[in-house]
Amino acid sequence: MSDNVFPVPAEVASRALADNAKYLEMYRKSVDDPAGFWGEHGKRIDWIKPFSKVKNTSYDPHNVSIKWFEDGTLNVSANCIDRHLETRGDQPAIIWEGDDPADHKVITYKDLHREVCTFANVLLAHGVKKGDRVTIYLPMIPEAAYAMLACARIGAVHSIVFGGFSPDSLAQRIADCKSTCLITADEGLRGGRTVPLKLNADRAAEKAPVDTMIVVKRTGGAVAMTGGRDVWYHEEAAKVSAENTPAEMSAEDPLFILYTSGSTGSPKGVLHTSGGYLVYASMTHQYVFDYHEGDIYWCTADVGWVTGHSYIVYGPLANGATTLMFEGIPTYPNAGRFWDVVDKHKVNIFYTAPTAIRSLMGAGDEHVTRTSRESLRLLGSVGEPINPEAWMWYYNVVGDKRCPIVDTWWQTETGGILITPLPGATPLKPGSATRPFFGVQPAVVDAEGNILDGATEGNLVILDSWPGQMRTVYGDHDRFVQTYFSTYKGMYFTGDGCRRDADGYYWITGRVDDVINVSGHRMGTAEVESALVAHPKVSEAAVVGYPHDIKGQGIYAYVTLMAGEEPSEALRKELVAHVRKEIGPIASPDLIQFAPGLPKTRSGKIMRRILRKIAEDSFENLGDTSTLADPAVVDDLIENRQNRA
Ligand code: PRX
């Protein structure tokens, strides 16, 4: 790994919210006196009834309980909209850039207020009440943000499902949280191609019925509407008022559920609540991106992922920022699209994922260098480790060696960024997420849970709670405790491995569980395996990740066929199509190896360590294979491996 150090440029430090001394002082206070620190910073948002209690949290596995600001009341939507109306009603809240470069729209805070109130009234008119779950399956159009904020306004709990998920995945998520209302669009539009969202929603609703389906018209493509259930959003909006009084919510009332993959079982409904989440999302947005009044801020994520929740919608809007929302993809109409949009809207802060950087890096520098990018001041990275080569390209070519890069480590569960540089405070090392944010106490542990000191390597845990932490797995608190607090007693286990260097910088090395990270999308290998074995010709499957130049990790599937079935190219394609249909295109296996047998111990446990090595094409050192029931299967696996250098 690279240990190049990039000092904080003087002009960045001079305008920044925090230099190194201030970071150290604030960090110290935040861990020495969390209640004092967060009691002060909790006031950054508007409370209807101020809180008197700050922190009430326990990581004791017998009683995991996380509450912040618990006796305060607020409304998240009012914090993101109403409180800005007087001072910045005419300022753009959202700049929406369509898939087609000719398409864009500026939504001011006043516009946002009108749109969100209207959407809230449509939900109320259709019987959605405080506490009800609303599933949102929308493309990256402003209505996605309106729908989220409308739910927050009336106290309904949104659950967004990424538009790339299949009908089955959508149905599973609707059923798990018992949503009665689904918000979708006729079609999505990405890279000039349509995505049949309403059709998918109809198929999902066959398995997981909803009372109401609200359909936003995006493309005007023909769709079937089911009488008594489906309504067009624009028709309903025309019937209601554009004024709505926000509901008074308690700090610990749920704000949203977001499903994410784990190492076992079906995706977990990660539950975030209102007060602590908003304090944490807004504070991290301000400090990590060194956000100043008037900045144009762009996060390229989709609202279907947590990054879109915290850093397209809630964090920036709570801060009264202008947030850019992009419908399209980085390579349409060409690989210079991001930089054209930066120039078009004079973007100052740009936040994207390593996989996008790597794919654009491969498309050639001329797509970047033909643009000006002079508005850019800060770059960010999220979702997976950024390799030093990609970091250097991002820094040199995109940022013209002027812009610090904040490599932000966090998770759906954490609600906001936990480990990150602060632009004015932290010298950068390419590939390192550097140091903890205020209030975050990371530690590195060995397999037994012993805390390791100094420069070391092991598993990453967090020792105490921060306000943005998830509160539970929806409907399954035991699973929450089991997954995060039982591996290492009294600590939050992240599932990530990491190294800490002599400067105290953290280097995330990737997941240490059976979760893989494909193009920044988190995937449970067990989910892909269960999709594969659902195919009638498959008897057994084992899925592992392998290093992939663009995606970070690719999906490598070992498949054993039913007796009598023959491996073929056609069957390989059929299996890929099958997984796409079951989960969605993001889960498509990159490589499938037909394996007559899988390496198992005598007790029948698949030895994944061996499968990972073979998938990495580094099988010289397979370790001990003597405990295998049939060591000969390994030779066949090596012989027929699919990933050859
Ligand atoms: O493995 C880490 C990786 O992404 C995982 C969390 O995925 P998800 O919940 O989908 O959230 C992604 C966006 C916050 C983590 O456990 N990860 C995320 N950011 C980084 C990262 N790995 C290394 N460096 C990062 N900056």
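Quick reminder: no glycine exception, Cβ is built from N, Cα and C everywhere.
Automated prediction, rather than curation, is the source of TrEMBL annotations.
According to TrEMBL, the feature CoA binding site maps to R190, G191, G192, R193, T307, S519, R580. According to TrEMBL, the feature ATP binding site maps to G383, E384, P385, D407, T408, W409, W410, Q411, T412, D496, R511, R522. The Mg(2+) binding site annotation in TrEMBL covers V533, H535, V538. Marked as domain 'Acetyl-coenzyme A synthetase N-terminal' by TrEMBL: 23-80. Taken from TrEMBL, the feature domain 'AMP-dependent synthetase/ligase' applies to 82-462. Taken from TrEMBL, the feature domain 'AMP-binding enzyme C-terminal' covers 527-605. What TrEMBL lists as N6-acetyllysine is K605.
Structure with TrEMBL features highlighted.
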residue : record              : DSSP (3 states)
T307    : CoA binding site    : helix
G383    : ATP binding site    : coil
W410    : ATP binding site    : coil
R511    : ATP binding site    : strand
S519    : CoA binding site    : coil
H535    : Mg(2+) binding site : coil
R580    : CoA binding site    : helix
K605    : N6-acetyllysine     : coil
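In the three-state DSSP reading, R190 (CoA binding site) counts as strand.
Fewest other C-beta atoms within 10 angstroms, among the binding-site residues G191, G192, P385, are seen around G192. Checked against ligand 1, the binding-site residues G192, T307, P385, T412, R580 give T307, P385, T412 as the ones with a Cβ under 6 Å from it, listed in sequence order.
If you draw a 10 Å sphere around the CB of H535 (Mg(2+) binding site), it holds 19 other CB atoms from the protein chains shown. In this view, R190 (CoA binding site) is surrounded by 17 other Cβ atoms within 10 Å of its Cβ, with every protein chain counted. For the ATP site listed in the record, the two most distant Cα atoms among G383, E384, P385, D407, T408, W409, W410, Q411, T412, D496, R511, R522 lie 18 Å apart. Sorted by the number of other CB atoms within 10 A, the binding-site residues T307, T408, S519 start with S519, the lowest. For the recorded Mg(2+) site, residues V533, H535, V538 set the reference point as the centre of their Cβ atoms, and the other residues of that chain within 8 Å of it by Cβ are A531, L532, A534, P536, K537, S539, E540, A541, V559, L575, H578. Helix, strand and coil counts under DSSP for the domain 'Acetyl-coenzyme A synthetase N-terminal' (23-80) come to 26 helix, 11 strand, 21 coil. Between R580 (CoA binding site) and W410 (ATP binding site), the C-alpha separation comes to 27 Å.
Taking P385, W410, H535 as the binding-site residues under consideration, the smallest Cα distance to G191 (CoA binding site) is found for P385. A C-beta separation below 8 Å, combined with a sequence spacing of at least six in one chain, links V533 (Mg(2+) binding site) to S539, E540, A541. A mean pLDDT of 96 is what the model gives for the domain 'AMP-binding enzyme C-terminal' (527-605). When other Cβ atoms within 10 Å of the Cβ of R193 (CoA binding site) are tallied across all protein chains shown, the result is 11.
Listed in sequence order, T307, A353, P354, T355, N517, G520 are the same-chain residues six or more apart from G383 (ATP binding site) with CB atoms under 8 A from its CB.
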